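A.B. asks: This is the structure I have questions about; it appears just below.
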Amino acid sequence: MRFGFYRAALAASVAFCVSAPASATDLEVTHWWTSGGEAAAVAEFAKAFDATGNKWVDGAIAGSGDTARPIMISRITGGDPMGATQFNHGRQAEELVQEGLMRDLTDLATKEEWAKLINPPTLLQNCTLDGKIYCVPVNIHSWQWIWLSNKAFADAGVPVPTNWDEFVAAAPALEKAGKVPLALGKQAWQESGALNVLMAAIVGPETFLKVYKDKDETVAAGADIAKVFKAADDARKMAVNSNVQNWNEATAMVINGQAGGQIMGDWAQGEFQVAGQVAGKDYTCLPGLGLNAVIATGGDAFYFPKVDNADISAAQETLAHVMLSPETQVAFNLKKGSLPVRGDVDLTAANDCMKKGLEILAAGKTMQWTDELISPDTTQQMNDLMAEFFSTPTITPEDAQKRFAEIIAKAD
Amino acid sequence: MSAATRPSKLFKNLNAKIASIPMILTALCVFVGGTTWTVVYSFTDSKLLPRLRFVGIEQYERLWASQRWIVSIENLAIYGILSLVFSLVIGFLLAALLDQKIRFEDTFRTIFLYPFALSFIVTGLVWQWILNPQFGVQGIVRGLGWESFSFDPLYNADIVIYGIMIAGLWQGTGLVMCLMLAGLRGIDEDIWKAARVDGIPMWKTYLFIVIPMMRPVFITTLVIIASGIVKLYDLVVAQTGGGPGNASEVPAKYVYEFMFRAQNLGQGFAASTMMLLTVAIIVVPWAYLEFGRRR
């Protein structure tokens, strides 16, 4: 505690000295967008913010959100907050908000009428705690996609599947052609993500919510979820030869035709874009694995830590404004491969896959995702279980399901 | 100086005592204070931020029900025992060999000690490449024509911890060797001469005369190796990230991940308290025997 105080005092005094020349304010923004497509997208934010006369100081932290979030959180709780920081909205920053470490944006939100702009409204609800708004949603990301390499299937001499079952059936042909049927990075979040996608696709959003929202352990132990673990077992067998770690390395396997497909969120699309591939021609995307075309409206949001500095506060407001402006939303989301948070922007430049997503969004077929439903603690337990399951062929789907139900029973 | 004017024991070596006050305070505040704080908060349901809401031993029940924690403890036990034995044996053997008045002793000493100058992260990454089946040892041996050769410890859940131990030994034995060598050099030449006169074979001299005389050196080495074992973390992170699956998890990594990634301080504190308890169970009786006896 002592050190916390000194550090805060030190940070405050440094901030005070720096703030003397007022016009252009440097605002440090931390995020974990470091892959090719992501970096291109975040550059759009920086460009738009710099155009307002301020300066975007890029604080990219490599190594996925799991690595970045502890660093961000300890900077905020340690009294050395950045100007703005990315989180997945939902429950990751919940306690920071409760402790009053994050800035209340309600005034700005009312002035700019975010409630009317932001679609679907659940996005803003996820930023709201006790009626106050604490974050700016910047995109809609959905996990429920499978990305298929048209080249891999052509090489194997089988048609590109239209759903998960056909994909599983095509796996032996792919293997015979020397391909890895399913590319899967060996990181726990990717493995538990794949399980959740399978769950949403196979049993549908209702049962998914019974498990994750109502934390109903009898459903989690029941026959429906048993089908999900059976499918996860298939996925495990198909991904046996996938020896990569990062998600974009797995995506690269799909891009160059080494692998048949990858279950990954729509951020993978940015990678296809950077590689110059065309949706429908070089690769195929199936929302909801072709079984259940519903998308989750998770995504990224920016939070603004409380700072005692009028210049930085003003710059924070400018950044929030810029991020939601229609031009930035279009430029950013096209590069990122995600959907814009405003319903009123023009996305004629969107590609095939994004259009599929927009259609589903327009039809209102959306659902909540785990970031909003379960705490980071439960997520970690899920990740541990799935990491073990995917790397240990001796764990049967039944055992894994039993342990899954135990986690759900104690979940919060 | 007469007995009457002899200063009280408290003021003996006064300068030294004043000089050590800052260290005593640091030790009390940081180590004892921090430890107590951690233990107290391990009985709460603190999530992202510490909160004093007591939940009894719930965190400990969950800890011992967690498969990952059990695996971590087993891994630490295997790594600990084996690396303790091997680094002592290899370190001593290297030192004894170097002590035979060989040529280029300085060169060998530098080579053996060099890995110790690298951080665990670098060591881990280097060995990750060496043990990689495609590019490392396995790839080279297969390239030489032995097609069925298989050596991929980091990708096999059953033996991954041994792969980590190899890297740990490579890094740590150099230091053990140096400590042992210093100990050997401290042994009086005359003892060797006497042993030779008595016709005692060299291995017996080492085993029954030299090693017992080197007891203080062995204790220092033991403490250094043991503390390195308990804090094992960065090597695992760099080499395997805890994988495949959870097969190479270690307690320190569990603590870190639950405190910061899972935003569950209570669980992390409970795990670190268990680590402290394990160390205490081993160290306290030993320290009692070692230091208590002399009084």
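Placed from the backbone N, Cα and C atoms, the Cβ positions cover glycine too.
In case it's useful when we look at the structure, here is the feature table from TrEMBL:
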type: TRANSMEM; residues: B:21-43; note: transmembrane segment
type: DOMAIN; residues: B:73-288; note: domain 'ABC transmembrane type-1'
type: TRANSMEM; residues: B:76-98; note: transmembrane segment
type: TRANSMEM; residues: B:110-130; note: transmembrane segment
type: TRANSMEM; residues: B:159-184; note: transmembrane segment
type: TRANSMEM; residues: B:205-230; note: transmembrane segment
type: TRANSMEM; residues: B:269-289; note: transmembrane segment
A.B. asks: How about long-range neighbours of the transmembrane segment (B:76-98): same chain, 6 or more residues beyond its ends, C-beta under 8 Å?
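C.D. replies: For the transmembrane segment (B:76-98), the nonlocal Cβ contacts are 105, 108-109, 112, 161-162, 164-165, 168-169, 172-173, 175-181, 183-184, 206, 211, 218, 221-222, 225-226, 229-230, 232, 250-251.
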A.B. asks: Give the nonlocal contacts of the transmembrane segment (B:21-43) in its own chain as ranges (CB under 8 Å, at least six residues past its ends).
C.D. replies: 50, 52, 54-57, 59-60, 265-266, 269-270, 272-273, 276
A.B. asks: When you scan the chain for residues with a C-beta under 8 Å from the transmembrane segment (B:269-289), skipping those not six or more beyond its ends, what do you find?
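C.D. replies: Contacts with the transmembrane segment (B:269-289): 35, 38-39, 41-42, 46, 59-60, 62-63, 69, 226, 230, 251-252, 254-255, 258-259.
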